[in-house]
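Chemist: Structure provided below as structure tokens; questions to follow.
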């Protein structure tokens, strides 16, 4: 017979060697150490005993006399005798005398009290099969009711057959329930099927009064019946009793605990409680329930072969071969492995072989995904999860049914100071340019005018180089672009940039040649300059209209408007006002009393007060709509510019706005988009190549100026941020630690104080009294500006002060060596005449011979007429001795100089 060591059993069962040796000694096995071996059968008994505290029925310790298993047989139906069986007991307990009675096939057994037999109708019996272990009840489990176990000197276990006594048959006739023959043997329980679970407090007694002593009738001893392994189940598991009663259990003997003796029940409950406490202590000592610590099963014994490896239970992997897979753009190593049905180890191994050090949680780059796809023979296609969250695409997929003509949206673009806003003012008869600081536009403004009964929407963009993003947004949100060029100034850099934005957006373009009232105006020069960048005038055979105008006198304004309306008519601009609104955000800000405010232009549909809208990751319900003249309205139609109030945050300028049905819909979609953005930020792997590492080290060595930027509108904030990020060189840079739309707050001051040497830059915002006071207390500098030029100049000056000064050399004097004198223990003294500048003592000096620098040191001694001199001026003679140098010859030139620090600027 195969034998197995104690230590192998302990590992398999999840127990300690010491604990298992103790249990083995209790069972009487000859075990002394962890390498002691026992048979496979004994191993199964030992593990069952160590884990559940139970022993197989009929188990005898080595050297113990075998005990007979007592099998009870039911009496003939007419025999009014109660059969009592004694359990298999330990050697200390003498077995009770039993009597064997021949079995009859049609007998049924029923659990009931004496009172139930007389007073109630017979109930259908439920049969369960259990195994009755021969161990003490100290480790048995009680759920709904006590589990039947055989305990030392236990009394009250009885076999109840159908009673034939006269008192049981008075007034009632017991109906025999039908049974199916059970193919397996075991101990069965017959009890009444009950509709609801009955707890341990339920009376299960054999009489209606005081506890009755167990029956003293003798039964004959019979040969022990062979015991087959059966399934252990809870005999009081009422859930399993609620199904089909006739579930395959045959008519066999029935063993029940006689709970009429309360001492038995109480003793069982005490032992059960003790067992549970011990189990909890073991779990606590092991740091929680031991994984895999299950009762030892016979089928597990196969893995306990002596000298062999333990069987490893591995998760069965699918053998499905994947040839094509769709993965998100940002995918981790383990996610890719799952998609292609490979292990993480295989994926990491391939990348490791190519010199890529990755872990399972690292994100894969596009190149790495291509390499892996080729290696595993999988066709990989990437998908953008944001496509599912694209509310604009979902809006566009719905067909417009009631199309109507809409006003054109015109964007005015061009170089700074070329008269864009003044031209728009003339059209609107307003004075917007006067209100802008410095006379330059620093915001995107949208206005609507009427010409010949038709409305035209104008969008004004800044011309300053810092406002590139604003011009790009203006081109995207428009139908026609007007490029304003000053006739006296010609084509400038921002003019070319505006034309590039317009062409990129695929928008029609009209050239307005402004300032035609000036004598220096030269329209032909403009046409020739624009022709060089493929913008050919219509009268030169091109496709672009050139309209001469003057914002000062009003010359050509009507011609310009008619050209716009003609172009719009050719474009057949239409929209469906019956649909929900779709708009584009041209500017956003925070206004006191209103919160986040977005300036939008409706592209399609109608926007109403109360509509639920989404703008990128921002959402809200429209609370108010204000037109460009300040009037409030309830709704606005296509191509109408307006300011809306009611969003939860300041939206990004250039974002698309779409109205939806419910608040829940917009909120969930916005939150999902925000979550995606966060995940995208996290997708940037922290792994860095050697080149990246060098760049990071160099970046860390840069001196930085920490700044906090606060602006009145989102567009200006973006412009300032973009300009400041460009202010850097190999030594200094601007570190933007915080940015926001709105006024300077106390929290901004606190943040600046926490950041060393941080400066708060406010654009078109002013700090309040309390903020000023706190800034003064904490020593935080708050600088406010209304013109972007001034802000950038100040930051440049601050960065210049942080840069290391440039060391320049300034020559202070020259002296020619006329004669040399050698003095013992002193050195060589050069007799010189100062030919230029002033020679000073202790100044730096270099010896030049035939135009070549021979030595560089400093003047250690300067004398005139044997007296020490502090300096010798041009034309005078003197004696000079250089420090640590004596090889001076006649004709040499001694030149003195000093280092001068010069502050640099960006």
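Every residue gets a Cβ built from N, Cα and C, even glycine.
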Chemist: Which residue range, 514-517, 518-521, 522-525, 526-529, is the one Swiss-Prot calls region 'G4'?
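Modeler: Going through 514-517, 518-521, 522-525, 526-529 one by one, Swiss-Prot gives region 'G4' for 514-517.
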Chemist: Tell me which range among 270-321, 322-373 Swiss-Prot lists as region 'Disordered'.
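Modeler: Swiss-Prot lists region 'Disordered' for residues 270-321.
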Chemist: Counting by DSSP secondary structure, give me helix, strand and coil numbers for the compositional bias 'Basic and acidic residues' (270-284).
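Modeler: Across the compositional bias 'Basic and acidic residues' (270-284), DSSP assigns the residues as follows: 15 helix, 0 strand, 0 coil.
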Chemist: Looking only at the region 'G1' (414-421), how are its residues distributed among DSSP helix, strand and coil?
Modeler: 2 helix, 1 strand, 5 coil
